[in-house]
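Let me begin by presenting the structure, written as structure tokens, before commenting on it.
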Amino acid sequence: MLEALDLAGVRGERRLFDHLTFRIVPGECLSVHGENGSGKTTLLRTLAGFATPAAGRVLWKGKPLRNQWSEYQRELVYNGHGIGLKEDLNALDNLLAAAAIAGEPVTTECVESALDEVGLAEHRHLPFRMLSQGQKRRASLARLLLYRRKLWILDEPSTALDQFGARWLGELIHRHQSRGGMVVLTSHQELALKTSQTVRMGA
């Protein structure tokens, strides 16, 4: 269970959000909406433990993040605005390297299977810089298939995806929820999601 208790977030001297409280339990998806600059990314980074709230607390399984940082990171996948993969490596080697850094024991066969699901099997040996932005985004999202993590925090995961890719992403999130996973996301693109809760920033 992920809880936000009376959270406040700032950027510089500007307060982006205040007194934000919610709770997400297994099987739920929290969708965060708001205009650009309303604090969506700040909120997601705070929930991931990468930013310190101006006030309030984030709890995981009833305990503050600071008391269980390493354990929390092993149960979390954070997919931010950036792709987070190296331009000079191919998709296969990128995902193998990323999994090793994340401490996930995956085989080449597992990575190839994930690339096949995201439609990149034929491009797995191409240098990453030669892929389109949509293909790069799909390669980045393939990590969700490889990492067995309970909580997904996804910042605009549908960016650069076409209609097919967005539909696949919605189905993937639904599968994760059906297995007891939790999701927090922002998206400008309409996704077919079983959303349990909505937070509107700047309202």
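Keep in mind that glycine also has a Cβ here, set from the backbone N, Cα and C atoms.
Residues or ranges marked as domain 'ABC transporter' in Swiss-Prot (evidence: sequence analysis): 2-203. For Gly34, Glu35, Asn36, Gly37, Ser38, Gly39, Lys40, Thr41, the entry in Swiss-Prot reads ATP binding site, with the evidence type sequence analysis.
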Fewest Cβ neighbours within 10 Å, where candidates are the binding-site residues Gly34, Gly37, Gly39:
Gly37
Taking the domain 'ABC transporter' (2-203) alone, what is its mean pLDDT?
92
Determine, for the ATP site, the additional residues of the same chain whose CB lies within 8 Å of the mean position of the CB atoms of Gly34, Glu35, Asn36, Gly37, Ser38, Gly39, Lys40, Thr41; present them in sequence order.
Leu16, Met201, Gly202
Look at the binding-site residues Ser38, Thr41 and tell me which residue has the greatest number of other C-beta atoms within 10 angstroms of its C-beta.
Thr41
Does Glu35 (ATP binding site) have same-chain partners at least 6 apart in sequence with Cβ under 8 Å from its own Cβ, and which are they?
Met201, Gly202
Including all protein chains displayed, how many Cβ atoms other than that of Asn36 (ATP binding site) lie within 10 Å of its Cβ?
8
Going along the chain, which residues six or more apart from Lys40 (ATP binding site) have their CB under 8 A from its CB?
Val32, His33, Gly34, Asp155, Thr186, Met201
